[in-house]
Every structure is written in structure tokens, then in C-alpha cells.
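Annotation source TrEMBL lists domain 'PAS' at 211-281. Per TrEMBL, the feature domain 'PAC' maps to 284-336, 411-462. Marked as domain 'Histidine kinase' by TrEMBL: 482-698.
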Amino acid sequence: MTQQYQQADKENERLRRCMSDLVSLSALPAMWVGGDLSRIGHVLLDVLSAMLDVDFLYVRLLDHDGRTAIEMARTTELMRVTKPSDIGRALSLSLGDVATDWPQTARISVENVMLSIAQAQLGMNGQAGVLVAGANRLTFPVQAERLLLNVSGNQAAIAVKEAHLLIGQRQYAAELDRRVAERTDELAATNRDLRLEIAERRRIEEALRDSENSARTIVDSLAGLVAILTPSGDVEVVNSQVIEYCGSAISEFKHWGENETLHPDDLPDVAQKFTNAITSGEAYDFEARIRRFDGVYRWFQVRGLPFRDADGVIVRWYALLTDIDERKRAEERLRRSEMLLAAGERISLTGTFSWRIDTDEILFSEELNRIFEFDGDVAVTVDQITSRVLSEDLPLLAERMEQIRSGRDNPEYEIRLRGSDNGIKYVRVVGRIIRHGDGRLECLGAVQDITQRRLAEEARDAIRSELAHFTRVMSLGELTASIAHEVNQPLSGIITNASTCLRILASNPPNVAGAIETARRTIRDGNRAADVISRLRALFRKRTAVIEPVDLNEAAREVVALLSSDLRRARIQLTIELADDLPYVGGDRVQLQQVIMNLLRNAVDAMICVDDRPRRLLVRTETHEGESVRMSVRDTGGGFGPIEAERLFDAFYTTKSEGMGIGLSVSRSIIESHGGRIWAAANDGSGTTMIFYVPRYPGASEQVLRSVDPKNVLDWAGKS
Ligand code: ADP
């Protein structure tokens, strides 16, 4: 009985324990809140190892996808294998790989330890895992142990399920968060890009506005009229100058092809060129008249340029309209004046030239080409010019060109050209040397064909010199005849009387009274002859000398002017060096001019045959020792020999076929009568210098002047 009670007590005790264990198990879910699988495993094993008398407890929890997430184990010392994964592997070895196929209970050997095991699948078909307990006793598991395993397994399965849900939720939430974050990042990035893009766009817009503004400012500030056109050639924008000039709104300017903005005469040509340019995309350039606000048309140069983008596509046309009205008018005036000049040159037989001295670039006008008989199409060279000049005049040309090159004097000379018909052309060259800002020299000049004039002058001079010679011969003849006539009578009277006297004295007896009478008549006739001479002298002295202050410079200039055509004809280069502040000389202006004239004529005569050197004549005045004025006339003629030197001033000494040889003797007579002196000096080189001086005024005495030999004066006057 006692044994029965004891048995019953034990049973009760076991039941109570079982009940209390079941109660403990029911509290487990409260500990598993949070969905942590390892916590579920730990707690489950801790609770079961406190409730069950087993040698090992093993739990395998699966994740949501059925893969092993966690393996845990609790073992006693009996077990040599303690690592959960080793226990799991041993179970698989004994019971098979698929846990759901494992039997509820079994006996297996793990590392040579025989164990009774019991398993509880967690969840439907073991979806949450498996719980295995093993004990080294044959009685395992008893019913209560089986119950605890199943209940705890169920509890764990629920917890694992919840954990799966929770994990799934978390994963989903995390995924959601990740996606949200990802999207947020994406949006933020997009936002940032958008902001950047907006900022960039704004910046570009601002830059565009700025550049448009500055382009407009530039366009407005341009001196010309500017229009901006679309690629198809429609006017889009014009600057304020266009509006101002046309005095109309841009809308009018847009229709320039229809509203007479362009001069109707220019329109067809412009329209053609414009259309071609727009079609071909090539820049255009034309001149046309554009109407101003007041209806006046002015000339413009219109230049259009296409503006292309990076791909070469035309995005705009820029047209610049430059007012060239003044230039056009100037060109027209220039054309007219060129025409007039050409006509003037033609009429006056004067051509013009320009000669750039540094480059020898020579430009001839049309008329000058005609004068030189050049083909106007080719450039003129110095060699070509010299080839046309008469060889005798080449030294003169060379000298003048050298003078121009040195930039010293403005050229003015005459030269002869050989025409194609071998005729001689006389040309007169007058030039001006211009020194440009950069130091370059240029000679601008005119060349006049004076052949006709020169030929006429030569013909006239020939006639004049013939006439002069004839007059001279005639007047000399008349003079001789009149002297002969006047003197002849008393002379024949003297001869008759002397013959009568001789006859009377020779009679026997001599008629003394008659002889005395005829001797008286002889004396009378002698006196008559002397009277004739005296009268002639008085006649020759007709022009009484006048003493006055004479400006020798002025006197020389007048004589030079009188002789200028002779000098030119003889191609003599004349240099006049007249002293400033030259004192007056006292004397007869006409007589002194006769002396100067004589010296110049002799110099011209002396150079006429000189062809191997320049014919130069220098006339110089200077003050001589403060008291007198000295004049010299220097030539490059043939000079004179030592014997001639003695005789130059002798009356009737001449070496010329038509000379009279009294010029120098009269000159000396005049100069000496003025209290001066005259002499000839041979030059160092070729030629002669004739020099005279006369005292300054007052200083020459009337007395001295009166002693001029009147005969010489008269003879010389006859020569001139
Ligand atoms: P004509 O001129 O009539 O010969 P002149 O008395 O004036 O008379 O001159 C006399 C001569 O003196 C001239 O024939 C000439 O031989 C010489 N003679 C004059 N002037 C010069 C001169 N400048 N050079 C060389 N000989 C000269």
C-alpha cells in the first residue's frame, strides 16, 4: 500500500513538475520578443536543459528561405562531441540529410555513445527547424518529456515564425529604407544636377543677356550702320544708327527690297548679289545708295558676313553699312580733275611725273608718256629715260638727277630728247622735291614740250643776229662813209692847196704872196678837218654820262634777264651769287650794264664749242676791301693762251670770225673811267674769269667819268 502511495506521490510529483514546466514554457514567448533567432535558440535550450534529464539538446533554426540559420547545442560530460555543427552532422549521418524525414524517436550512436533521441519538428513540416534531445537511457523519452519537447518545439516554432515575419518585415523595411534612401539619393542627385543645370542655364542666360547687351552696345557704338539678319536673310535687328539714318522703324527697313530704301537703280544688282550670297553662304560686298530720312540717297558700302555655329551652320548674318558718299564724290571729283588735268596736259603739251627717289619708282602721266614716246602700259625706268635723251645732254641730265637725289634744289632745266623720227624735242623740266614724314624723298614735276617755241625762238634769234650783224656792218659802213665824206673835202683842199703852193714857189720868180695865201688855205682846210673830227667826237659824245648810285646786283640781274634766252639756247647752267647788302657804286648804270653784257656774251661765246663738260657760268658780286664792289664772271669755256692774255683788252683784237675786238677795250675804258680796274684770269680748271671792280658811291668822281674815250663807247655801242 505504502509502495502504491509512494508510487502515486511520485506520479503526482512528476505531473506537478510537468505542469509547472508547461507553465514555464508558456511564458517563453514573452522572452522571445524581438525576433532574434539566436536568443530563441539559447532560451529554448536553457529552459529545456533545466527541465529534461538529457545528455544533449540540439536545435537547428531555419531562416525564412529554409536554409540553416543557427545551430545550437547543450551537452553533458558524457558527450565527446560538443560543437553544435558536429552534433548536427552526426544526426544527419545517423538519421539522414532531410530533417523532416527523421523518426520521432530513435537510438543512435554518436562517437560510440549510444543515445536514445527524440525530435520535434518546429512548425509545419519543420519549416522553422528541428529540436532534438538525446539521453543515454533506454527509457527516453517518457511521455512527459515528449510533451515538453513538443510544446517547447511548438512555442519555438511560433517564435521562429514571428522572428521570420519580423526579420522579413525588417528586411522589407530595410529594403524599403534602402530603396527610399537610394531613391532619395537619386532624387537628391537629380535635384543637385537640376539645380546645377538651372544655375548653369541662368548663368548662360545672363551671359547671353550680357553679351547681347554688350553686342548691342558695340553694335550701337559702331561708326557704321549695322544690321543682323536671320540665316534666310531677313532683317532681325538694326542698330540705332540705322533707325536714325533712315528715320523709320525697323519694320520699314525689313522691307528694303520693296519700299525704295535702296535706290531703284541699284536694287536689281543688289538683289542679285544678296540672293546669291544668302544661297551660297558666302560673304557679300556691294555699293549702293540708301535713302536717308530726308529722302536724300547716299552711297554706302554694304558688307555682309555669315556667322556660323560649331557645326558650320549659318546662325546669323551681320551686315555693316559704311557711308562712303564723301569718298564716292571725291572719287568723282578726282576722276573729273584727272580728266581735266589730262586735257590740260594735252593742250599745254605738259606731262607730269612722280619719282620716288629711294626706289626709283617712276610714274608718268599719259601726256608725258606721249612726249617721251613711251608705251604707257609698262613702268618707266631711269634707263628708259636716259635712252631718250640726246647724248650731248646726258651729262646735264646726270648732274640734275644727282642734284635731285641729294634733295638739295628743286630742279628746273631744259633738255633735248631724240624723237622716233630722229627729230629733236626740247623739253623744260620743273620739279619740286618733297620730303615725306618718314624721310623718303619724292620728286614731283612737270615736263613741257617746248620744241615749237624753241624752234620759233631759234628762227627769230637767227634773224635777229643776222639783222644785228647787218646793222653793225651797215652802221660801220655809214660811219666810215660819213667820216670819209667829211674829212675828204678838207683833205683834198689841203692836197690841192699844197700842190698849188709847190707850183707857185717853183715858178721863176717864185710867187711868195700866192704861196702864203695857199699855205693859209692849207691851214684852213686842216682846221676844217680837225673841226670835222671834233664835230664827230661831239656827235659820239651825244649821250652824256650820268653819275648816280648804282646797285650792281640789280644791274646784273637785268642783264642776265636780257640774255636768258641766249643762255638757255646754249644750254648753259647759270649760277648767280649776289652778295647781300652790297653797297651802291657811283657811276653810269647803262655803261656798267654794257660792260656786264659784254663779259657775259664773251663767256657764252667761249663755251659754245664745249661739249665734253658742263657749260657753267657763275656771276658773283662782292664787296672789295670795303671801298669798292667787285664783280666776276666765270665760265668753263676754252680760255685763252699766254700770248692772247697780253692782247685781250687791245682794241680790234678778236679771235672770232665775226668779232670786232673792241668789246673788252671799251669795257676797260668804261671801268677805268669809273675809277676801277678790269682784268682776265685763267681758271685753275678750264675757262676764264673776268673780274672788275668800281669804287662804292660816293667815291667815283665826275671828273674821272668824263674821261671815257667816247670813240670806244660809240664803237662798242655799235657792236651791241
Ligand atoms: P670780240 O668779242 O668782238 O672778239 P672782245 O674785245 O670782246 O671782242 O674780245 C676780244 C677777244 O678776247 C675775244 O675775241 C676772245 O678771243 C678773247 N676773250 C674775251 N673774253 C673771253 C673769254 N671769256 N674767254 C676766252 N677768251 C675771251
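Note that Cβ sites are derived from N, Cα and C of the backbone, with glycine treated the same way.
What you see is a predicted model, and the numbers here were worked out from it, not measured in a lab.
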- prompt: Most CB pairs under 8 Å with the domain 'PAC' (411-462): which of 211-281, 284-336, 482-698?
  reply: 482-698
Task: Tell me the residue counts in helix, strand and coil for the domain 'PAC' (411-462), as DSSP assigns them.
output: 12 helix, 28 strand, 12 coil
- line: For the domain 'PAS' (211-281), the DSSP helix/strand/coil residue counts are 37 helix, 10 strand, 24 coil
- prompt: What average pLDDT is reported by the model for the domain 'PAC' (411-462)?
  reply: 87
Counts of helix, strand and coil residues, the domain 'PAC' (284-336), according to DSSP: 12 helix, 30 strand, 11 coil
